[in-house]
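For reference, the structure is listed below as structure tokens.
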Amino acid sequence: MEKGGGCPSVGGSYPQKNAEILSSQYGINLFLAGLLLTFAWAVHAVGISKSHLLSYLITLMLIQLLWMLWYLCRSCTQRRLIRDKDTHAGARWLKCGITLFAVITLILDSFKIGYYIDFSNCLSPTEGIFPVTHAVHTILQVYFLWCHAKDIIQSFKTLERFGVIHSVFTNLLLWTNGVLTESKHQLNEHKERLITLGFGNITIVLDDHAPQCNCTTTTLCSIFSQGIYYLYPFNIEYHILASTMLYVLWKNIGRKVEHHQQHKTPFKFHGITVGMIFGLVVLTSTIAIVVVYLIQIGRSKIKSELALTMFYLHAIFVLALMCTAGIVALLIYRLEDRSLDNSKNPARKLDAELLVGTAAGSWLLSWGSILAIICAQAHPKYTWYNLPYSVLVIIEKYIQNLFIIESIHREQEKVNDDIKTLRIVTISRGSTLSLTPSYKEIYNGRDVPDSREVPCLFKGSICRRENGGGGGAKGETSQDKTSVVHSASDFSFYSRNSVTNNKRRILKNIAAFLFLCNLSLWIPPAFGCRPEYDNGLEEIVFGFEPWIIVVNLAMPFSIFYRMHSAASLFEVNCKT
């Protein structure tokens, strides 16, 4: 195992590269084995039960717990050592977000424990062990990420690569398990709605994994079983966020960083009132639309069509606003002349790749809807609203990705010496003297080269000075002797600074508005408002089972895209 030391030799990079390749292959095989096990349980494969899947996940979590405890203990013993940190990784707001999701995940685990207790007569012991292990795993992992997400590991690098990549794919498997469980529940609800609406031409078989025994406390069982599925979206987001933060930690192992000052970019509400107001209006209206949709859908054919029409009209309006805001932001960027930061940054690179990669999920659904509308023989009235909705989804994500990726790659504006200084021209008895004291020097009252000349600073006014010399002939008023004026460059500086501030304020408002809009658009699919299931046109064109498979594969990426976009836009708002 390699230990940290001096500069590695030329050949020293080969063992590190081999360790990276070996660890990544280990993680991929770990994930594929778990993925096939999950798939086998989902399709009721012979000889595969839920207890086998949970046993595999419990084993992976226990191994990760052992590695995290070893890493934490070793870190405590080396507390006094100075370590490199990746200042771009593990931002405080990201840690706060994952902590919030983790807290809700712990509530989910407590519901699962209660559910197991009520059905303990006919459930496998692994279904009780799993939530307990998962709760301990969640607590320790969040603590680990808070303390060590920024670490750049330089010792025991081979072992650490395997430990971190094991953690990455363990979280991905837990995410996959959550997505599958939640998707099966949504699919069952969708099939029940189809039965209510009388779709006799579609073969409908409910995929029921409910326990084959009676609950000891009926009321509690109902609360636990229903509450679990409302909490799953937060559990899903928690695991995908954890896996991305751990992946950045894995990419940083053995990395050589340039030591430079990182400016902190705290979030401020000042100057983003307009964007926040419009965004909160969108968020409030979206929550209302989701509540009405979930109440009306499946009640009757007329109510379902009205619910779908209402959803599409609201989404079209919101997406059109988001497209307009994104275009305005890109036009402002085109008017500015600022270079891009192309330095090596694993966190920023991963953000950009995730934006484009996860957007493909909703693009797939949108193109499927567009093809279904074109190819369908009969078109109910509400399905025509699906066409502009699907087109706008494609365009909006395209524009938003451009805006976010350019924003996170733009260098922060630096304050140069011209902005720090004020040029003052002093006219005295036909001679001129140019002085450039800094604002800080003027403010602190430091002496300028001519101690008799004390510059006074007023916005847009002419400064005057008095001659300190004594004598009758020299006792004339300062107005007759001298005057101090701003040069033309100073006035142009004020105008440029004003324009720059206005542009920055517009960009911050756009980022705040898009942030709240993405949170708003995350809510409907995360909590069961999925017109891709309910409008029925795609299922008629592509067939029920093929379209449901497409939706179940693409929807998790679409949901994650909105949350990841919101996180990226929060960072853009802080950086602007």
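Cβ atoms here come from the backbone N, Cα and C positions, even for glycine.
Where the annotation comes from TrEMBL, it is an automatic prediction and has not been curated.
These features come from TrEMBL:
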TRANSMEM  26-47  transmembrane segment
TRANSMEM  53-72  transmembrane segment
TRANSMEM  93-117  transmembrane segment
TRANSMEM  129-146  transmembrane segment
TRANSMEM  229-250  transmembrane segment
TRANSMEM  271-295  transmembrane segment
TRANSMEM  311-333  transmembrane segment
TRANSMEM  354-379  transmembrane segment
TRANSMEM  506-528  transmembrane segment
TRANSMEM  540-561  transmembrane segment
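If one looks beyond the transmembrane segment (129-146) by at least 6 residues along the same chain, the residues whose Cβ comes under 8 Å of a Cβ in the stretch are 54, 57-58, 61-62, 64-65, 68-69, 71-72, 90, 95, 98-99, 102, 105-106, 108-110, 112-113, 116, 167, 174, 238, 242, 245-246. Long-range contacts of the transmembrane segment (354-379) within the same chain, counting only residues at least 6 positions beyond its ends with a Cβ under 8 Å from a Cβ of the stretch, are 244, 386-387, 389-391, 393-394, 397, 401, 404-405, 532, 537-538, 540-542, 547, 550-551, 553-558, 560-561, 564-565, 568.
If you look at the transmembrane segment (271-295) against the transmembrane segment (311-333), you find at least three C-beta pairs under 8 angstroms, all six or more positions apart, and that counts as contact. The transmembrane segment (506-528) shares more Cβ pairs under 8 Å with 311-333 than with any other stretch in the list 53-72, 93-117, 229-250, 311-333, 540-561. Put simply, of 53-72, 93-117, 311-333, 540-561, the stretch with the most CB pairs closer than 8 A to the transmembrane segment (229-250) is 93-117.
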